[in-house]
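A.B. asks: Pulled these features from Swiss-Prot for this protein:
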type     : residues                    : note
REGION   : 1-35                        : region 'Disordered'
BINDING  : 94, 160, 178, 190, 191, 232 : S-adenosyl-L-methionine binding site
REGION   : 118-141                     : region 'Disordered'
COMPBIAS : 125-136                     : compositional bias 'Low complexity'
REGION   : 362-393                     : region 'Disordered'
C-alpha cells in the first residue's frame, strides 16, 4: 500500500503516518524553489545585460526574440500561481485587492466621491481667485454623465497577464496581454512597443463588442479604451527605469478619464524601508496626469491605485528626470563573475535625510495623502512572494 498517496486523501492516515506528509511537502518546496529560480534568473540576466550594454531597446528586442527562455518563464509563473501560491494567499492576494478597489471605485460610489471632492476644491480655488480677479470665468461642474461610470462591464487591461487571473470575475471585460502567454485566453503583445491609435468614437456596448472580437497578436490599440490598467509585478521586470516610465505613460493614454492604473510591485522590507522610493514613484506617476487614489503595503509588496485626472500629459517630462524616479533597489545592485552581489546603498547626504523625513508622509498610516482618504497596511504574511521572486536585495 502506498502510504503517501493514501495520506493525500485520508486525513486519519496522515496523522498515523506523520513522516509521509513532510516528504511530500519537502518535494513541493524543492519544486517551488526550482520554479522560482527560473523566474529570478531571467530577471538577473536582463539586469546584467542592461548594466553591461546600456541599450535597453536592444536588450529588450533580444529578450523578446528568446522564445525558449520566455516560454520557460511563462510556464514557471503559471505553475507557481496554480500549484504553490493559490493555496496560501488566504484572501489577501494582489488579484483580490485589485478587484476590491475596482468594485469600491466604480460600483460603490468611490469615483463620485472623489469627483465631488475635486469639484469642492475647484470651487474653493475659484472663490480665492475671485478676490483678486473679478473677471475670472465661472467653473463648470466636473461631475457629468461622461465622467462617471455607467452600469456595465469594467473594461480591464492586464499587462503581463501570464495566466489571465481576472477572467473569472463577471464584472470585468478583461483583455490579458503578455510577451509569451501561458494560456490561450491571453493575447501575445509587446506592451513597450504597442502602437496607439485614435480613440474610438463609439457607445460603451460597441466598445465592449470591439474588445470581444480582438485576436492576437496585438500590435496596436485605440487610446482611451479601458477603465482599468493593471501592472501586477510588471514594472520590476524591466531593467530600466525609463521602460517603467514608458509603461505608465502608455497606460495613461489607454485609460479613459478617471480610469484607474493599479500597480503592484514586490518589496519584502519593513514598511518604512523604501518610503523614499514610494514617494519618488508617486511624483513620477502623478507627473503623467494621475493622482494617487489608494496605497497599501502588504508584507511583501506595495499596492498602489492611481486615477487619471488629466486627459493629456506634459510635453516636458524627460527633462525633469521623471523617468529616473521610477527606480527599484535592484537598479543599484552590482555584479561579479558569479552574478549579483549585495545591493550597495551609498551614505545619505543631509539633503537626502531631509527628503527621507518628508517621505514618511507616504506611509499608509497617514490617510490624508490619498485622495480616497483611505490607506491601509498589513503585516499578515503574503506567501506569493516568499520565494523571494523578483527580489534581489
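Note that the numbers count up from 1, one per residue, in the order the chain is shown.
Glycine is treated like the rest: Cβ placed from N, Cα and C.
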A.B. asks: Which site among 160, 190 has the most other CB atoms no more than 10 Å from its CB, taking these as binding-site residues?
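C.D. replies: Of the binding-site residues 160, 190, the most buried by Cβ count within 10 Å is 160.
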A.B. asks: Using only the residues recorded as binding S-adenosyl-L-methionine (94, 160, 178, 190, 191, 232), report the maximum Cα-Cα distance in Å, whole number please.
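C.D. replies: Site span for S-adenosyl-L-methionine, by Cα atoms: 23 Å.
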A.B. asks: Sequence gap of 6 or more, Cβ distance under 8 Å: name the residues on the same chain that satisfy this around residue 232 (S-adenosyl-L-methionine binding site), in order along the sequence.
C.D. replies: 94, 95, 98, 158, 160, 262, 264
A.B. asks: Near residue 191 (S-adenosyl-L-methionine binding site), which residues of its chain come within a Cβ-Cβ distance under 8 Å, counting only those 6 or more away in sequence?
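C.D. replies: Once residues fewer than 6 apart are set aside, residue 191 (S-adenosyl-L-methionine binding site) is near 159, 160, 177, 179, 247, 250.
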A.B. asks: Within its own chain, what residues at least 6 apart in sequence put their Cβ under 8 Å from the Cβ of residue 178 (S-adenosyl-L-methionine binding site), listed in sequence order?
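C.D. replies: Listed in sequence order, they are 74, 159, 160, 161, 162, 186, 187, 188, 189.
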